[in-house]
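Participant: Here's a structure for you.
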Amino acid sequence: MKIAIVNDMPMAIEALRRALAFEPAHQIIWVASNGADAVQRCVEQTPDLILMDLIMPVMDGVEATRRIMAETPCAIVIVTVDHEQNMRRVFEAMGHGALDVVDTPAIGGPNPKEAAAPLLRKILNIDWLIGQRVGLERVAATPRAAPSRRDRLVAIGSSAGGPAALEILLKALPVSFPAAIVLVQHVDQVFAAGMADWLSSASGLPVRLAREGETPQPGVVLLAGTNHHIRLLKDGTLAYTAEPVNEVYRPSIDVFFESVTRYWSGEAIGVLLTGMGRDGAQGLKAMRERGFLTIAQDQASSAVYGMPKAAAAIDAAVEIRPLPAIAPRLIEVFTQ
């Protein structure tokens, strides 16, 4: 994989060089010391992946991500030394299309290979996404009971560009929205709590991490919060699970959508937002085949038109809508 580093700190650059050296297939093709330089270098030689710092002179990582995704799109991972202090910037960058976030590896310790492992795992996942090799082993659906108007669920999946898309969608929903909402966003568990807090503040709706064993209810938005998959169980409660182990991204949108298809006994809507790869497409199709309304974000409003495109290609979406039109449609369906 051809990788570029955008960072103004020599120690951080050296840490990334050493971490990448553990995987001979990775080639560093250039290094930029600020976002403006990176934007220009991408025009000259677009990499497969950029490891992007947040705080830099001239142009920061948020603006550089926005410019690169608009002009010469490629995979971007935010690499930061202090994600807690920079949480808002992290999700702004992800809103512009950054795929993931990872701490700068601390390679000066006794086990540098272990320190490099989180970064290398994320790069491996992104390599799979770029190749669109993500798949799902389909499972037979359990016939659902007749819908109850009291049991309503919106299942939403998103990846690259998702934080900003989720902010827009949730902000357009009333606090009195009468359906439970569960979000599955591709984000590491280290950043999940911060994302929930950020979404809650930005949208005006209460957003928190989903807890093992709880039942989705109207009035609170639940975000999958670990590096395990989240599933709906037969009794209507949520559970985290390591299976299936072959899913590239954890939590998997497909896994959650499939569980809704099998076990949700009321009304449900599946929504697939911006993101790279195919995760969510097969699960959305399963929801459609069980009679649920399914919505995919359109190309024009998607930061990365990968997952919704995959859904459209297999006829998984009943409706394809621009992002600003999705919340009004949810309100229309569930307030009739």
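Note: Cβ is positioned from N, Cα and C throughout, glycine not excepted.
This is the feature table in Swiss-Prot:
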ACT_SITE  Ser159  active site
ACT_SITE  His186  active site
ACT_SITE  Asp279  active site
DOMAIN    2-119  domain 'Response regulatory'
DOMAIN    147-336  domain 'CheB-type methylesterase'
MOD_RES   Asp53  4-aspartylphosphate
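Give me the structural setting of these features: burial, nearby parts and distances.
Facilitator: Long-range Cβ neighbours of Ser159 (active site) (same chain, at least 6 residues apart, Cβ-Cβ under 8 Å): Leu99, Gln185, His186, Tyr249, Ile253, Leu273, Thr274, Gly275, Met276, Gly277, Asp279, Val304, Gly306, Met307. In the three-state DSSP classification, Ser159 (active site) falls within coil.
Here the Cβ of His186 (active site) has 27 other Cβ atoms within 10 Å, regardless of which shown protein chain they belong to.
The number of other CB atoms found within 10 A of the CB of Asp279 (active site), across every protein chain shown, is 30.
Counting every protein chain shown, 27 other Cβ atoms lie within 10 Å of the Cβ of Asp53 (4-aspartylphosphate).
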Participant: Limited to the domain 'Response regulatory' (2-119), I'd like the whole-number average of pLDDT.
Facilitator: 92
Participant: For Asp279 (active site), which DSSP three-state class applies?
Facilitator: coil
